[in-house]
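Feature annotation from TrEMBL assigns ATP binding site to Gly111, Ile112, Thr113, Gly114, Ser115, Gly116, Lys117, Thr118. Summarising the annotation, TrEMBL assigns coiled coil to 505-639. Sequence annotations record features per position, and here TrEMBL assigns domain 'Kinesin motor' to 19-429. Feature annotation from TrEMBL assigns region 'Disordered' to 737-763.
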Amino acid sequence: MKKTQLGSRDLLANGGGCPVEVFCRLRPPKDSNNDQQQTENSSSCIKVASSTELVLYSSENAKSGAIRESRYEFSHILTDNVSQLAAFKELALPLLDDLIQGKNSVLFTYGITGSGKTYTMMGPLNNPGLIPRSFDVVFNSIGSYLGKKYLLRSDRQNSYEIQSEADILLERQRREIQVIRNGNNQRAKVAETYNTRTLDSTALHNPQLNGNSSYFVFVTFVEIYNNYIYDLFDDDILNKAPQSKQLREDNRGRPYIRDVKEIEVRSSEEAIELLNMGLKRRRIAHTQLNTESSRSHSVLSMRLVQFQNDIPPTSLTKDDLTISTIHLVDLAGSERVNRAKTVGERVKEAGNINSSLMVLRQCFETLRENQSQGISKMVPYRESKLTSFFKSYFDGEGRIRMILCVNPTVDGYEEIQHALKFGELTKDVMVPRSLPPPPPPPVLPKSNRTPTAGVVLRDIDNQQQSNAQPILFTEFNAQALISPFPPLEYSLLDGVGDDESISVLQEHLRRRMEERQRLNMLIQEQQEFLRKFTLELVSDYDSTMSNQDDLSKENDQQTKTIRHLQTRIKLLEKSQNDLLKTTNQTERENKALKLQIEERNNEIKALKTERRKDKNDFENKMKIKLNELEQQYMNEIRTKDIRMRELGRQHDDKLNIIRSMATNNGCSNEQFVIPVNQSSTPNAADNVYQNQGQQYHRVEMIISQNCNTPVERPNPHTPNTEPMHIDNSHTHAVVAHPRQQHRRSRSLSEVWLEHRPQGTVPT
């Protein structure tokens, strides 16, 4: 269905508008025990100049050193000595009168934290606020006109359903079972609360309140926490993660909360019980500025549904219902983190509260700018759930009132100034005048006559053809046909007056003939009209039948097409199922192959790791083996070197002995140069082993036979590197020693002993 709703500019142009009513209420003083302490700690920075104007003074400790003065004007100012009852009559009572008349309204409180908003709305038991007094006044006014319980039920889509008798009985049984489950403790608590609470006996005397209408009262209670909407009557909010509600728009473009729980109440006690249950579930916290600071915006909606008693319940529809609503909104107070000393989750809550209040201020500023400058700037309703919910009221859905609560202390001068500026700005915003509710349906007189079908059909046909065609059944005057003949006065004697009587009779007959002729013509016209009308009906019937045949053929064709498509769909579904099976099989095979590949890859990795490990082990073994071989080779070289040095030393000893013998005896004829130290390389060592015996022979042959001088043994540890000169000038022949080998031994003191005679003995 197409949404039909007039914009604010259209409503302002058609019916004008009324400004937003802003009432400023100064916070009442605390208890008398704390008055002295309050006076010592803080002083008032506000002075009431008149009933509509107040003056705000800055503190003496301002940076400039001077006291600043600001004046603000409102619709009305409620001083701190105004009682709760007087405030209720001034603020809420006119809106309740509008509620009974079928009009909508919004009443919300605004102010910084700790300014008395919740006190104004709720109040204590012995001095209740606006909401409890509103329940009392409504039920005091309509209590005797309440309709049948459970006849209406909310459809949770901004409207109501009419229940049958069976549904009413089931609903009553369900409620009774729920009451039995809850037990009598709750009833006792309600009775105790009712006895301790101060009741308001005010009643509205409205002309519309009469026995011709039935009234029903429904209550909803929601909170907007961190820009999410939660139902305080729903038990789901007791969970750790409750489900938030969504905003929707009905067919008239009015926002509503979908699936919100609306409860029918029949008395103020029942309403207060639900209110207390919702208040216990509302989120509050302790801050530096307020021991019970509201951390969310609460919206209590009271809806009054009424309908005329002349309509029987079986014929009642949604269009017969007149619905009016009043929203009582307790906005959370704006606060600064450094003053409230909030940390953690409280900082996030304060940020969301200040953000939603800032969006509300921006909406009022934009509306004021559009109205003052005649422009159509976009109003940022959708940036916050609070402004989105009350969007229709800004467009003329109902009356808007704001209560600006102020705590007149010097400590919050800047925040108070900010709130007063916002209130004065809101006062200048014009809201379109709400459209009047539709008038009640006229009450038709009761009649025992039931119209026949022929009369109804005739009336319908006459209404359809009154403008375009002549009336089918024309009334005619048949008095001329049924009127009696005129009296005939005649005389048989003289015949006086016969002519006059005959003329009267002739005139009467003539009129009868004319009337008959007129009626015959009228009948012919009616017959002709009926004949044409019948022909048209026949033609229409024929065309209708032809169209019906065409539609039947088309329907048959479409039925065949549908069947063919259904067959194809079945085939395609079968093919799809086969493909799904094939796909599943392929996927399973792919998974199996992937598993095999992974296993093979794991085996390859294991083999590579094992081979790498074997390679490392082999390289380590090779290194160890090479080190061992190298060490062995070096040991062999070192051993051979030692042996060569030993042999060289022995050779040097022998050469020294020979040199000493030759020098002492002087028996050498010729001098021969004999190298004492040989090379110590391995090849040289081999040559030494080969030539050792030849050298011994050669040396002993050059010794003279007559050399009888004993040989002086030099120190074997001091090798002689000088060449040995053998003098061979004697004439004696050199004779070889018959014993080429002799014994030598070395003592522990490294002294070599020769076991041979000191001289050579010639053979």
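Any Cβ shown, glycine's included, is placed from N, Cα and C.
Whatever TrEMBL says is automated annotation, not expert-curated.
Everything TrEMBL records as a feature, shown here on the structure.
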{"residue": "Gly111", "record": "ATP binding site", "Cβ contacts under 8 Å, 6 or more apart": "Lys117, Leu331, Gly333, Ser334, Leu404, Cys405, Val406, Asn407, Ala419"}
{"residue": "Ile112", "record": "ATP binding site", "Cβ contacts under 8 Å, 6 or more apart": "Gly333, Ser334, Glu335, Asn407, Gly412, Glu415, Ile416, Ala419"}
{"residue": "Ser115", "record": "ATP binding site", "Cβ contacts under 8 Å, 6 or more apart": "Arg27, Gly333, Cys405, Val406, Asn407, Ala419"}
Average model confidence [pLDDT] within the domain 'Kinesin motor' (19-429): 83
Residue, out of the binding-site residues Gly114, Gly116, whose Cβ gathers the largest set of other Cβ atoms within 10 Å: Gly114
For Lys117 (ATP binding site), the number of other Cβ atoms found within 10 Å of its own Cβ: 26
Local Cβ density at Thr118 (ATP binding site) - other Cβ atoms counted within 10 Å: 24
